[in-house]
Amino acid sequence: MDQSIINSYHEAQKLYAAHGINVDEVLEKLAQIKISLHCWQGDDVKGFLFKDKELSGGIAVTGSYPGRAGTPDELRKDLEKALSLIPGKHKVNLHAIYADTDEQVDLDELEPRHFAPWVDWAKEQGLGLDFNPTCFSHPKAADGFTLSHADEEIRSFWIKHCKASRKISEYFGRELGQTCVTNFWVPDGYKDTPVDRLSPRIRLKESLDEVFSEEIDPKYNIDAVESKLFGIGSESYVVGSHEFYMGYGLTRGKAICLDAGHFHPTEVISNKLSSILMFSEQLLLHVSRPVRWDSDHVVTMDDELLEIARELVRGDLLGRTNIGLDFFDGSINHIAAWVIGTRNTIKALLRAMLEPVAELKAIELAGDYTSRLALVEEFKSYPFGAVWDYYCASQNTPVREQWLAEVKSYEQEVLSAR
Ligand SMILES: C[C@H](O)[C@H](O)[C@@H](O)C(=O)CO
Ligand SMILES: [Mn+2]
């Protein structure tokens, strides 16, 4: 390792030690945290089952940066590249439409074997896998309703798909020896103000109860439910609102998934974590960045990201929180997007772990809000960058922006040929 990185690290260690922070221990803890990288950033949420189908469900990818993955092998290669530039050992989050099979199989007929190549790859790479049923981009979701559809036949199709998805997740968990988190998000909603808000919610509740009727060992799979305030074409009403899933998750023992982009523009998820985890064992995060709306921009080191990380660290909530990413930017290099968003998420956690939490809590309890503000502000310019550089180097990943050159040469050698 470069001597200047080591020297800076030692200087930083001393500064943090003066506030009771053992930086070596922090880095050991940081290395245990797994981030779930969403496969759909790699190909603009197209998947492999219905390649010609337009993205639906009220989400959108803009941009046409060349080189996006077009086959499962390409996507895996791109993920490998991204993961090689990110410190730590992580997970990959798959959607059902990313099945790796030559069969013409519909969503309700999917089986674990259609994902066998993903499992082989995950084993080889030492990765965990998470999963999502895909309740969009399909003819049976054309009118914007799936599990809450008024037509029983359509509802049963989606129920079958979600049940099949849980079996795939169970298979992931069993094969990989790591719990798979299955996230249920359905886009169902109305563009304009509905007359009947209740009936679709009753149908969604009943469908979900049916989906979850089979017990699966939580060692292999845990379920999460993701709410949303609005989508494109469901601006006035979304069946699976935050209140709906708070109630559903808490009464059914399901993890609640909080997506940073799924709330009112000034509403933040960081302020929700401590409340939800008082009443729920587990939580799933979709770390994302809304810009004016649920735009799914690449995660940057903004105030909310740091606040999410602080909440997890200060409340000792990391052990019960599954951290997933959810952004899709088609206007920049797809691999760089993963690397930027994931490195930022890990770096934010590191920053939060390098704050004198015990000292700050004592100061707050004593009512010394002057010192609280002073210390929090001063710690913003403590040398966490030196610790981050050391961490990256010690994990054999590029230091600072050195990863960018690797992405650029991969773009030239691999992506430009697609
Ligand atoms: C593709 C994902 O399932 C999707 O982004 C979902 O998690 C979401 O956030 C929809 O807005
Ligand atoms: Mn999401």
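Including glycine, each Cβ sits where the backbone N, Cα and C put it.
Bear in mind that TrEMBL entries carry predicted annotations, made automatically and left uncurated.
Remark: Asp294 (Mn(2+) binding site) has Ile59, Lys228, Leu229, Phe230, Gly231, Asp259, Gly261, His262, Ser288 as non-local neighbours, by Cβ distance under 8 Å and separation of at least 6 in sequence. Asp294 (Mn(2+) binding site) falls within a strand when secondary structure is assigned with DSSP. Marked as Mn(2+) binding site by TrEMBL: His262, Asp294, Asp296.
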Structural state of His262 (Mn(2+) binding site), classified by DSSP into three states: coil
Around the Mn(2+) site formed by His262, Asp294, Asp296, which additional residues qualify by having Cβ within 8 Å of the site's Cβ center? Ile59, Lys228, Asp259, Ala260, Gly261, His286, Ser288, Pro290, Trp293, Ser295, Asp326
